[in-house]
């Protein structure tokens, strides 16, 4: 070939599809003229479309120095001859007629040993395991948060310990001992008529009884009844009074009581019996009289049972709101950060994602319920924990978790911040329970009997859709049912409790009366309903968005903006390469194009105010083993195009095919064929680098025995192994970008999408990234990349497009674009410091006379920087003239290169520059 025949030391650096790159030794510049002359003469014979030359960049110099100083970095590409010398690089674009099979074979030569990937049920099982372990790790790393939520539940219920335990556990009243001391210091009036031995004994014992409690004995002369009526103090201070009357041989004792005192009748009789007992048995004898009330059978006490059930429900309700709302935190975080989208793009089954989350959250919830039952026992809520009641209570609580947790997942779609989601869902759960109970109380009251039955039924059925209402009613009715049944077993004639055989023998799970059957059924049912709604949303929201964007919004827009639509979305372009690509795509069927990625007349309109036409009828194909670079400034539309390719946005019109599947119609099949490195770091920052790589290895289906080796390979390839076991939140920005790249490349995607992957990386890290991308490209994967670093695309992209205002303005390989839009060569001359001013002026005149139209862009003490027109100056001519000038003017050094890709890119960023005719504003 022309290169090695003229320069035997030339090294083939790259062989990318239809482009060759050689490293040329710097000390052989005297042979460049002959080499370029041969290439120019044999260009058609060799099938060369275009060629050019550039020099080693400062970044390559930096990497070389870094590699020399940090020998521990074992990076094969950095140790190659590529960075061991300062050299000119020749880029050649040769049309090589290679068959598809030959090209595929060449791309797999350097592939690593084959990795086995699971499919079918094995893949689903592996993904479920990955999603489950992810949840376990989150809980382990955030154990304080999980513990705090459980303690909130336990603490709220522990408030019951301050309540009247007797009213909650045992509805029987306390016994009361009958003695005069319970009324404080009192006056005991005494009237004596006649004398007898018995009178003296009675008086003696009465005085001893009253003195012990500091009561006053008041002897009344005359009629005792008149004294009690006329003396107003007796109404408040006299509880009992005694009268002794001796007639003949009989002594008559009369005891009177104040009917304003609730227990005075029994107290008066108890005092008289004690005096008589002491009179017959001695002064140390005594009788103790207590009042033990029988169970109340009135409606007030029955309402008391019912209200105690409400008290338990309300206390549980607040704690449950704090606990159950916490299960939305990870779902919101993953969705907002983009981690969930990356998992779905990597092929995670929707069912595996949500069921694994539900299973782990139910396990945590079960642990919290166990603590709750312990608190029930400590609070003496025996009705919930005695015997088989313990299983009933756990069954009720677990059914609540089954219904409430999926509802939290569903509501999490409404929020964009996990903190605000938690607070608002706590309020929702608590208030929905409170208000639903208030409505239920209204149903029970007589005042609401005027409500039409149809409205009452509708409202009741609506409340049954709330897990919090169902839980509260289960707690209340379970308490009421068993307490009522307990009372009825003691007092069968309590008619207000409906203690008939039909009610006492029915099950608490019955559907009639104050039972829990209907609520149990509804919690079981709505749990399934909410899960189905989640799956429906995940699988059908794409179709809904498609319908709204393509038929509703766009239809209305076309109707009222017909002229603008026809003008903006015509698809025509001034650039012939873009137009030829478009016509080729429109003129051939999909089977003939046979591309890894096919974008056909893609348009994206954001129907905001004002309406934004982000992408306007772009068309391009990307083949397997090809790297396509998408360049454009902010607002050009490249991010919108990327979002469409990854399924985050839906196209307004046009079609996108990934590996043969239409992304609009088969979004779920397409996602499993994409490796995606987003612009932001969509990482689960509570995991370590190794943990997240293992998770994605399982998501992709790497067989379990190979996962560790596969993960180590990718961690090592991007130099992540030293901190693979550190939490991702501690990584630097560059390390996170490398980790995102490893995740995108480690599976078996047909297409890899990379959105500014090198942001925040130092030159060495960028080179690692480039080598990984090149390796993926050489393995046959199609790669689409966006970057603000144009030199990246120049290194490993085989095809480029520049977007301006939503359209492609140019399309082709990097070398083709530099040749097409580069009308100048860049010449830099380094002169000796002792060069005379006259010699310098002669050199300037020589350049201007030899290369008419040249412009001196920069002059310093030792450097002259020229732009030389390339129209009438071939590479061979330029090098030949400059070699002669080097001797004639004693130049220390010089180099010539074609225009950089960045300068081509900037051409389209400056509206007033229609070409590269004026370099005053282009660096």
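Here the Cβ of each residue, glycine as well, is placed from N, Cα and C on the backbone.
In TrEMBL, annotation is done automatically, which means it is predicted and not curated.
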Message: Of the residue ranges 270-290, 291-311, 312-332, which one carries the transmembrane segment annotation in TrEMBL?
response: 312-332
- prompt: Quick one: which of 390-415, 546-571, 572-597 does TrEMBL have down as transmembrane segment?
  reply: 390-415
Message: Among the residue ranges 216-234, 235-253, 444-462, 463-481, I'd like the one that TrEMBL describes as transmembrane segment.
response: 463-481
Query: What else in the chain is close to the transmembrane segment (516-537), if you only count residues 6 or more beyond its ends and a Cβ gap under 8 Å?
result: 350-351, 354, 358, 395-396, 399-400, 402-403, 406-407, 409-410, 413, 464-465, 467, 470-471, 473-474, 477-478, 481, 507-510
Field: Intrachain residues whose Cβ lies under 8 Å of the transmembrane segment (352-378), provided they are six or more past its termini
entry: 124, 127-129, 131-132, 134-136, 139, 146, 149-150, 153-154, 157-158, 160-161, 316, 319, 323-324, 327, 330-331, 340, 343-344, 384-385, 390, 393-394, 397-398, 401-402, 405-406, 409, 531, 534-535, 538
Statement: Among 312-332, 421-443, 463-481, the most Cβ pairs under 8 Å with the transmembrane segment (390-415) come from 312-332
Task: Give, as a single whole number between 0 and 100, the mean pLDDT over the domain 'ABC transporter' (597-830).
output: 88
